[in-house]
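These come from Swiss-Prot:
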- 131-333: domain 'ATP-grasp' (DOMAIN)
- 161-216: ATP binding site (BINDING)
- Asp287, Glu300: Mg(2+) 1 binding site (BINDING)
- Glu300, Asn302: Mg(2+) 2 binding site (BINDING)
Amino acid sequence: MKQTIILLYGGRSAEREVSVLSAESVMRAVNYDRFTVKTFFISQSGDFIKTQEFSHAPGQEDRLMTNETIDWDKKVAPSAIYEEGAVVFPVLHGPMGEDGSVQGFLEVLKMPYVGCNILSSSLAMDKITTKRVLESAGIAQVPYVAIVEGDDVTAKIAEVEEKLAYPVFTKPSNMGSSVGISKSENQEELRQALKLAFRYDSRVLVEQGVNAREIEVGLLGNYDVKSTLPGEVVKDVAFYDYDAKYIDNKITMDIPAKISDDVVAVMRQNAETAFRAIGGLGLSRCDFFYTDKGEIFLNELNTMPGFTQWSMYPLLWDNMGISYPELIERLVDLAKESFDKREAHLI
């Protein structure tokens, strides 16, 4: 009997378009000799829509439902996704997706799911909290200032200018895919950047800009996590924002990255240490800055990285000899392993 994969996609965050791309890639790559795929779309308003089922490979003309093509007659209760023995693959990015909320819902339903658990998902989603945890693990990061809604913005800007030097990067603390990120060269630009970031979150991070290459490492596993050789993001834009990643196609990837073996070893070790520090499970992508001075800074951990067939994370594992379809199978098996362990602890 085939294993059912419940594919959750869409979502309420600004990254819902990325989720659709990732989900369509997964549905086309699944090994249909082993799996059946059932898809549920989460609308921008948070409603669950039962969409398609696939027992064999979809045709090129098959497309998943989006906010523009919703069939509201197929709206269901969120709990309708439950199916005994099924594994959920929540291809959801950003808040209300990879921040622990969906993970908690799936644990209430007693369903295995791909990826990090409630704690590690919510922790890694918040950039400020992640930085504090990684500091305790002894992992180097770029200097930063945290700003929370209600703070005296003028005083915080003064703190930024005392501790950091322009240019700086301003980021919503609880957002991914470079949504809401701005580069500032002066105080006026910083004020505008803060306004933009606060549109997406009530906690904002201001980081020191560094002249650095962007290097990424893939992680796969539960308590026995393994890492990939690093890949490099090669940009034709000022910084790696949402449009550059997913809309304008202004980036290329160099896999494996052209860096020394010593640097590779440090990055892989730091990535695995960071994954363990947050209690990661299943998968993550760890992003580093490698400066022209030879400094290695961990930038962020992404617990549900972009998962299209052309995204960095699957390509990193492909370089290690694990194909995209095989990667999906391994993640499903890891999900069942972590579920069994979680259930065994409930005594």
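Heads up, the Cβ atoms here are built off N, Cα and C, so glycines get one too.
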Spatial separation of Asp287 (Mg(2+) 1 binding site) from Asn302 (Mg(2+) 2 binding site) - C-alpha basis, Å: 8
Reduced DSSP assignment, Asp287 (Mg(2+) 1 binding site): strand
Coarse DSSP state, helix versus strand versus coil, of Arg203 (ATP binding site): strand
In the chain carrying Asp287 (Mg(2+) 1 binding site), residues 6 or more apart in sequence that have Cβ under 8 angstroms from it: Glu214, Ile215, Glu216, Leu298, Asn299, Glu300, Leu301, Asn302
Predicted model, mean pLDDT over the domain 'ATP-grasp' (131-333): 92
Among Glu161, Glu300, which are binding-site residues, the residue with the most C-beta atoms within 10 angstroms of its C-beta: Glu300
In three-state DSSP terms, the structure that Val210 (ATP binding site) belongs to: coil
